[in-house]
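Chemist: My questions will all concern the structure given below.
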Amino acid sequence: SMASPALLMRVVASAYSVAEKAATIVRNVMAAGDLGIVEKTGANDLQTKADRLVQMSICASLARKFPKVTIIGEEELTTDEVTEDLIEDGHCEEILKKTCPAQYSGIKEEELVIWVDPLDGTKEYTEGLLDHVTVLIGIAYGGKAIAGVINQPYYNYEAGADAVLGRTIWGVLGIGAFGFQLTEAPAGKHIVVTTRSHSSTLVNDCISALNPDSVIRVGGAGNKIIQLIEGKASAYVFASPGCKKWDTCAPEAILHAVGGKITDIHGNSFQYNKEVKHMNSAGVLATLRNYEYYASRIPSNVKQSLVP
C-alpha cells in the first residue's frame with residue numbers, strides 16, 4: 001500500500017483549497033458592494049470585511065485540520081465564533097501526488113509556521129485595481145519559507161464575461177512552482193517593480209540608483225513577485241520598512257522554488273520562525289535572475305537608512 005502523503009504535502013494541498021475558498025469570499029464581498037472599510041493606522045493601511053472574513057476562514061480551516069501548527073495572520077481579530085460556511089475542508093489531489101522532498105518528509109505539525117495575508121493589496125482592492133490583489137499562505141520550517149500558495153482572485157478579470165476568474169499558484173522548495181508560465185524578463189532590460197502607495201524619497205533614490213529602463217508601480221507583494229516570475233519585471237525593490245513577514249513568506253517560497261532570490265536591502269535572508277518580529281524593517285530586494293547586479297547597485301545611504 002502507498003504511504004500516506006507527508007504532512008507538508010497535506011498542508012500545501014489543503015492551503016490550495018483554502019486559498020480558493022478565500023478568493024470566493026473576496027469576490028463575494030466585492031460583489032455585495034459593502035466593503036466595510038476600517039482605517040488601521042491611516043489611509044494607506046486599510047482593512048475590509050474581506051480581510052476579516054478571509055483570515056477567519058483560512059486560519060480556522062487550517063487550524064481544524066492541523067491543530068498544532070502555528071498560524072500567524074495579518075489582522076488582529078476578535079475571537080468570534082467562526083461560522084461553518086467559512087470552513088474549507090477540501091484539498092488539491094494533484095499536490096498530494098507529488099513526492100515530498102526528503103529533507104521535509106519528517107516534519108511534525110508543531111515545527112511548521114503558517115504566515116497568512118488574507119488580502120494583500122487591500123488599498124488597491126478598495127480602489128478597484130483588482131488584478132493587484134492576492135491571498136497569501138506561506139509555510140515555514142526552521143525559520144525558512146519552504147512552501148507557499150498565492151491566489152489571485154481577479155486574475156483574468158479584464159478578459160470578458162466568459163473568462164474563468166482567478167488562479168492559484170503554489171510551490172515547494174525542491175519540487176518547483178506551478179499554476180503559471182515561468183518567464184524571464186527581456187535580456188538586458190532593467191525593469192523595476194516597486195510600491196504604488198508607499199513611495200518616499202528613499203524608495204525613489206534607490207530606484208534612480210539602479211538606472212532602470214522602466215519602473216512599474218503596483219500594489220501588493222504577492223503581485224510584485226508574480227511580475228518577476230512572469231517576466232514583466234526584472235527586480236522588485238522596496239527601500240522602506242513597510243513590508244511584513246506575511247507579505248513575503250508565500251512569495252519567497254514560490255520565487256525560491258524557481259531559482260529566484262529575495263532578501264532585505266542589505267542581502268540578509270528573512271526569518272520566519274514564530275518568535276520573529278513581524279516587520280521586514282530593512283526593505284526588500286528580489287529578482288528571478290541577476291540578483292547580484294541589483295544588489296551591488298543599492299546606494300550606501302539607502303543601506304544606512306534601513307536598519308535590519
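Glycine too: its Cβ is placed from the backbone N, Cα and C atoms.
All annotation found in TrEMBL is predicted automatically rather than curated by experts.
Checked TrEMBL, it gives:
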| type | residues | note |
| --- | --- | --- |
| BINDING | GLU74, ASP117, LEU119, ASP120, ASP247 | Mg(2+) binding site |
Chemist: Between GLU74, ASP117, ASP120, ASP247, which of the binding-site residues has its C-beta surrounded by the fewest other C-beta atoms within 10 Å?
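Modeler: It is GLU74 that, of the binding-site residues GLU74, ASP117, ASP120, ASP247, has the fewest other Cβ atoms within 10 Å.
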Chemist: Same chain, not part of GLU74, ASP117, LEU119, ASP120, ASP247: whose C-beta falls within 8 angstroms of the C-beta centre of the Mg(2+) site? Give them in sequence order.
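Modeler: Neighbours within 8 Å of the Cβ centroid, excluding GLU74, ASP117, LEU119, ASP120, ASP247: ASP51, VAL116, PRO118, GLY121, THR122, THR134, VAL135, LEU136, GLY220, ALA221, GLY222, LYS244, TRP246.
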